[in-house]
Amino acid sequence: MVKSYTRYEPTEFFGVIASSGCNILGQPSSSAKSVGRAIVGGLESVLEWDLKTGQLLSKWKDSDCSAKVTCIANFDEMYAVGYADGSIRLWKDGELLITLNGHKSAVTTMDFDKMGTRLASGSMDTDIIVWDIVAETGLFRLRGHKDQITKLLFITPPSKNTAEETVVDTDIDSGDMDVDSKSSDSFLLSVGKDSFMKLWDLSIQHCVETHVDHQGEIWAMCVSPDAKRCLTAGTGSDVKVWEISFPDDNNFTPTTKAFQQLGTFTRQSRDRPITLAYDVSNRYVVFQAHDRLLEVFRLRSSAELEKILNRRRRRKKSEDVSITLKDEYEPFALIRTTARASSVAWIPGNRTPTLVTSLQNNSIEVYALDVKSEGSAAPLTERASRISAIEIPGHRADVRTLALSANHDVILSGANGSLKLWNKKTTSCIRTIECGYVLAASFINNDKCIVSAYKSGELEVYDIASSSLIERIQAHDGAIWDLAVGHDGTYFATASADHTVKLWSLKSSFDFVPGTTRKVTTLKLEQTRQIDFTDDVLAVKISPDGRFVAASLLDNTVKVYYLDSLKFFLNLYGHKLPVLSMDISYDSKLLVTCSADKNVKIWGLDFGDCHKSIFAHQDSIMEVTFQPDTYNFFTCSKDREVRYWDGKSFDLILKLRGHHSEVWALAVGPTFVVSGSHDHSIRLWEQGDDLVFLEEERERELEEQYESTLVSSYENAEADGEVKDGDVAAVTKQTIESLKDGEKILEAITIGIEDLDQEIQYRLDLLKSPGKARGPRNPILAHLGVSAEEYVLNTFKKIRSSHLDDALLVLPFEHVLSLFRFIDIWASRKWSIPLVSRIIFFLLRTYHRQLTTTVKMRPLLNNIRSSLRGSLQEERSLIGYNAAGLSYLRHEWELTHNTSLEDIDSTSLEVDGKKRAFSNIV
């Protein structure tokens, strides 16, 4: 009989407040009492935090994506999220709208245009892609940078800021419609690590300006809200200031530049910048570098600059004076965060300018500027104050140890600086204890206390109910690497770098309350015995039956002793590097060890024989733990995986993937597994309803490997066939979803062509022999009761718009020719003209040379052209009619709702003695 296992599935991860590799967004809150909201990346999820209460409002995660979030941009409440695999997902109200694939590596920067209909994205693959959000497809790919894109922004010429957003001239009778494309963001500004600053004209899809004024990488850029100034910062402390001045069409010459460098001013920090950002009022600009310093500059008003100019004229008694950039940008505040900053953003909507910053130690801080200190002599470091922070829901450092309570409802985690207790059901932090560098911790005394071991050699015992320290002792002269609790929870063993294993027990004692005669019961740690070794002890374990104690040494061996007499029993050797962790089975018959040599060895405790040696991981194995009451065990490694093994057959059952960094710790319950990682996350894996069969699991892994190889082969083939010359290219990227969609189209065309040919042959046979019955149709078409052309069109309609172009690239050319037969039918019957037009235009662009040399396609293409021209004219007329109607409704609404200030009659105010009320003032 084939043995089956229960599948472990990822259910939740917690402990992450903000990932260091993603920017942060500040958003206003609906509550007047709240400071605002923060939108940050949390590994593969997007987290929304309330900055006042520290509550996690929502978590957005696509179950099909395991890549890390690298970039976030927003248009109002619609968020574009870029991932490390190059994909982009659009979210609104916590729901996934669309997925866009085009980049071949991590997305580094994104920006929406002012209408929110286009999105520009830059990546580590040096490409810029402009996306059409409405059509859910990529418009074009811009090439020109030679290294990673660090920042890009849509630019609207300042002269057009006050113009109407959209100008529509409509001729209802003819259906002509002209939309002024220049009214929208028609320029794109980009900077990269190649030291280039490029200005792209999106109307012609070409780079019109390139500036190479920086000596090295350009790490940050921002544009003022009025689009008149641009700031760029590179590797040094200098900030370059650019004036944005787009020439009119009449004054345009080939040598005219829209960006003119005005000069530089200096930041205080010497580290490379990460973020530059203007606030919405255009009064302040913040500079964030790769350190703990945030610098805020204030932009002086024209009146202040005029005072400075007059003062200089009086001092020099000359008119030959001018304003410098140092005069315009005044250092206003210096903010020193508690750790290195990852990103910073302004929070709009607050009365005082407020900054939110994510830190590299997995926390978020909020600072408010003291605007009353403008013009005062207050120190720069005292002009901003921290008003809130989010620190409790996560550790400041990587998770080094995990433990479970006896009832498996509470999870204990330890890191450098803190111990935390988590509710397993709600994944909320219920206790936080400040401490030192924790290397091991566990529950003792019937889950009433916690014992923790530190790198300094200290042992501490805490009372859980009060979170108070009961006792602290210097237990060892070196770091305590491991801690093992006995079967009844009243004693434990510690393994240290001072070459000893010490056994400890909890003793109750009575102490007098100072100043009184009352006695209180306290717990004390008492060392009972000690085992001396010649090398550092890295791990220790006590058998469940209380008979043995095992210790792993730096000399790659494991020594087993009788616990009662501490007499030597077994010496286990075979590992090539030190054993980092070990565990003993529930019946005390098996010992499993894991080592830095990437191997797991299973030993018998009867005679000390090695049952099996398994090459288990691709990197050092950090911990191994048996599943309760079974011989199955789990391992975790620096290769970011948790693996599930059968200790009897020595087979690999499951690979649990999800962590983005080294996995340091494991805790195994009866039906779940908890893992802690260097990425600050604690992940929970629980048993599901699915069963795992080893053969099926291996086949599934091989299929995943084949699919990934297939996708990479398509990408390599496309890369070999791409023309690298030129600034513009098509937006294509094959994914496994697009390949599957292409196979669906291929299958539908094959079935449809057979049915069409059968129909033609049947009509020819009717001419020869009237009354002849038609042969059986394809079972799929017969079951659905549709014609071949309807079936193929329905297949296209089911494909995502973002996958359509990539799916069409999968088709062989002979199937493309067959597809044109269906396009001819669809165009003549006026079915789904927008979809049909998109398909035919893409095929004509892709296979233009082949189609023009195929003689038999000429009549078919002529038929399609004549049919499609009339249909497109009707669609154009319909759009023009609707646009005219919307323009009329907008005009009527403005007449009834908008009132200008010139309508106010001052004489009527004097007579009536009261102000006139207005519904809205624009």
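From the backbone N, Cα and C atoms, a Cβ is placed for every residue, glycine too.
Break the repeat 'WD 2' (102-141) down by DSSP state and the numbers are 0 helix, 22 strand, 18 coil. As annotated by Swiss-Prot, repeat 'WD 2' applies to 102-141.
What Swiss-Prot records for 169-210 is repeat 'WD 3'.
For 213-252, the entry in Swiss-Prot reads repeat 'WD 4'. The repeat 'WD 4' (213-252): residue composition by secondary structure is 0 helix, 16 strand, 24 coil, according to DSSP.
Summarised as a single figure, the pLDDT of the repeat 'WD 5' (268-307) averages 89. What Swiss-Prot lists as repeat 'WD 5' is 268-307.
Below 8 angstroms of C-beta separation, residues 15-29, 35-36, 38, 40, 49, 51, 274-275, 277-281, 283-284, 286, 288-294, 296, 298, 383-391, 394-397, 680 of the same chain, each at least six residues beyond the ends of the repeat 'WD 6' (336-377), sit close to that stretch. According to Swiss-Prot, the feature repeat 'WD 6' maps to 336-377.
Residues 12, 14-17, 339, 361-363, 438-443, 446-447, 450, 452, 462, 464, 467, 489, 661-662, 664-670, 672, 674-682, 684 of the same chain lie 6 or more positions beyond the ends of the repeat 'WD 7' (394-432) yet place their CB under 8 Å from a CB of it. Per Swiss-Prot, the feature repeat 'WD 7' maps to 394-432.
Per Swiss-Prot, the feature repeat 'WD 8' maps to 434-472.
Annotated repeat 'WD 9' per Swiss-Prot: 475-514, in sequence order.
What Swiss-Prot lists as repeat 'WD 10' is 532-571.
If you look at the repeat 'WD 11' (574-615), the same-chain residues 6 or more away from its ends with a CB under 8 A from one of its CBs are 482, 538-539, 541-545, 547-548, 550, 552-558, 560, 621-626, 628-631, 633, 635, 637, 645, 647, 650. Swiss-Prot lists 574-615 with the feature repeat 'WD 11'.
According to Swiss-Prot, the repeat 'WD 12' annotation covers 616-655. Listed as Cβ neighbours of the repeat 'WD 12' (616-655) (distance under 8 Å, sequence separation of 6 or more from its ends, same chain) are residues 3, 5, 7-8, 577, 580-586, 590, 592-600, 602, 661-670, 673, 675, 677, 685, 692, 694, 697, 701.
Under the heading repeat 'WD 13', Swiss-Prot lists 658-695. DSSP labels the residues of the repeat 'WD 13' (658-695) in these numbers: 2 helix, 24 strand, 12 coil.
Other Cβ atoms within 10 Å of the Cβ of S769 (phosphoserine) number 7 in total over all chains. Per Swiss-Prot, phosphoserine is recorded for S769, and the stated evidence type is experimental evidence.
No contact links the repeat 'WD 5' (268-307) to the repeat 'WD 8' (434-472), because fewer than 3 Cβ pairs that are 6 or more residues apart lie under 8 A.
Stretch with the largest number of CB pairs closer than 8 A to the repeat 'WD 9' (475-514), among 102-141, 213-252, 532-571: 532-571. For the repeat 'WD 10' (532-571), the list of distant contacts is 478, 481-488, 492-501, 503, 577-588, 591, 593, 595, 603, 605, 608: same-chain residues at least six beyond its ends, Cβ to Cβ under 8 Å.
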